[in-house]
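The block underneath contains the structure these notes are about, expressed in structure tokens.
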């Protein structure tokens with residue numbers, strides 16, 4: 001083992017020169033001056049051999065780590081699948097528990113209602129609702145005692161009938177006939193007593209004897225009927241016994257199956273106390289299962305992160321391996337032993353041990369996760385047991401409700417019928433009002449649809465008008481531009497005309513002066529020409545003034561036409 005601490009490792013993998021990498025810390029560095037070249041070569045060879053061995057060991061370790069990593073990844077995937085399966089089962093169990101709890105509550109409410117109705121029916125049977133409960137309880141107890149007495153008498157009669165059947169089958173000795181005679185005599189006496197107690201006028205002895213004979217005949221027929229009925233009851237009892245025996249056999253087979261399953265799940269039976277505690281906790285708070293599942297999901301994520309860290313560490317180890325190989329090649333080229341090789345060897349050993357410790361820690365964590373998954377499985381078994389128990393309770397409650405419903409179906413309450421009739425009337429009224437509302441809504445919807453159609457038509461017309469307006473506007477703008485161009489051309493032509501006229505007048509004056517040569521006449525002609533030129537200018541000014549001036553009232557811009565002025569005014573105002 002190296003005594004080098006964790007803080008001594010550098011980023012490049014080199015060790016410091018202050019402490020030795022391998023051996024005790026008090027050991028000093030060997031001096032190279034004390035060794036001969038032959039010894040140095042031997043040490044170099046030994047170091048090369050050790051480096052080669054370390055390379056092979058690193059390769060084996062890397063392969064083993066890769067295999068373990070693959071196994072861990074496969075195991076994590078299996079764990080994820082199992083956890084997803086357990087989560088789905090737990091969700092289904094929760095949903096079933098909630099549904100069963102709701103059904104149990106409903107059944108309890110129905111039982112309470114049925115109990116109240118039975119009490120009301122008892123009160124209706126008594127006739128007076130003001131009768132106290134003590135009297136009703138006394139009557140119920142009397143009825144119970146009568147029922148018990150009748151059941152005891154029935155059992156005695158069944159025993160007597162069975163004895164009679166056995167005696168008839170065996171041949172019928174004298175004692176049996178004596179018993180039969182005694183029974184017949186007792187029953188005849190009872191019949192005679194009934195005849196005597198029956199009301200009616202007293203007649204002669206012959207009439208009494210005839211009545212007694214008829215009574216005995218009737219009694220014998222009644223006895224035969226009772227015997228046949230008892231035989232039928234016995235047959236039904238035997239059939240019930242056979243059915244019960246079959247059910248017992250099936251129950252025993254199920255018990256054997258459950259015992260086999262219990263033997264198979266011996267490991268889960270050792271944790272029965274924990275299961276009971278968990279059942280109590282689940283009964284107290286069913287939401288703990290979801291929290292535990294979330295905790296397990298978090299643990300899975302942490303394990304996945306740790307696996308990623310292990311993968312990064314493996315990549316770092318491979319990089320370290322490459323660096324060590326490069327260093328070994330450099331050492332082989334130099335053929336000179338240095339203390340850095342010893343330090344690198346110590347670092348490699350330290351890194352290998354560190355990776356082994358990490359692998360051991362990962363194994364321990366995996367074992368912990370396996371234990372947790374086993375605990376979750378046990379929790380699921382407990383949930384299934386609770387689910388089965390709740391199902392049994394639910395079935396029992398359904399049976400009780402069916403029995404109570406059968407009893408109530410025989411005695412239907414008029415109050416309930418009246419309430420139901422009232423509810424039906426209210427429902428019919430509500431339906432009628434809702435149908436009226438629906439009709440009104442349909443009418444409003446039809447109106448709105450018509451309005452929408454008209455709106456669509458109006459929008460189309462608006463679009464057509466807008467397109468026409470834009471086209472007219474563009475045409476007016478073009479006309480305005482053409483008019484402006486024509487006005488400019490006219491102004492240019494007027495200027496050219498003025499210049500041409502001035503030149504012509506000058507030329508004519510010069511010609512006149514050259515022809516006549518007289519100054520006086522020239523002066524008169526000049527005055528005449530000046531007057532003529534002034535008249536021409538006044539005419540041009542009048543023509544220009546006659547052109548109408550269209551100016552904007554807002555910005556004062558002069559425009560040639562009314563259309564262009566209107567377009568400009570609309571744009572300027574907007």
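Using N, Cα and C of the backbone, Cβ positions are placed for all residues, glycine too.
According to Swiss-Prot, the feature Zn(2+) binding site maps to 552, 555, 568, 572, an assignment based on sequence analysis. Annotated phosphoserine per Swiss-Prot: 177, 198, 336, 521, in sequence order. According to Swiss-Prot, the feature region 'Disordered' maps to 1-33, 262-292. Residues or ranges marked as region 'Interaction with MYO6' by Swiss-Prot on the basis of similarity to another entry: 406-515. Positions annotated as motif 'LIR' by Swiss-Prot: 176-181. Annotated motif 'UBAN' per Swiss-Prot: 468-473, in sequence order.
For the motif 'UBAN' (468-473), the DSSP-based tally of helix, strand and coil residues reads 6 helix, 0 strand, 0 coil. Around the Cβ of residue 572 (Zn(2+) binding site), the number of neighbouring Cβ atoms within 10 Å comes to 12. Note: residue 568 (Zn(2+) binding site) has non-local neighbours 552, 557, 559, i.e. same-chain residues 6+ apart with C-beta under 8 A of its own C-beta. Excluding 552, 555, 568, 572, which define the Zn(2+) site, the same chain contributes 553, 554, 556, 557, 565, 569, 571 within 8 Å (Cβ to the Cβ centroid), listed in sequence order. When secondary structure is read from DSSP and collapsed to three states, residue 572 (Zn(2+) binding site) falls in the helix class. A C-beta separation below 8 Å, combined with a sequence spacing of at least six in one chain, links residue 555 (Zn(2+) binding site) to 572.
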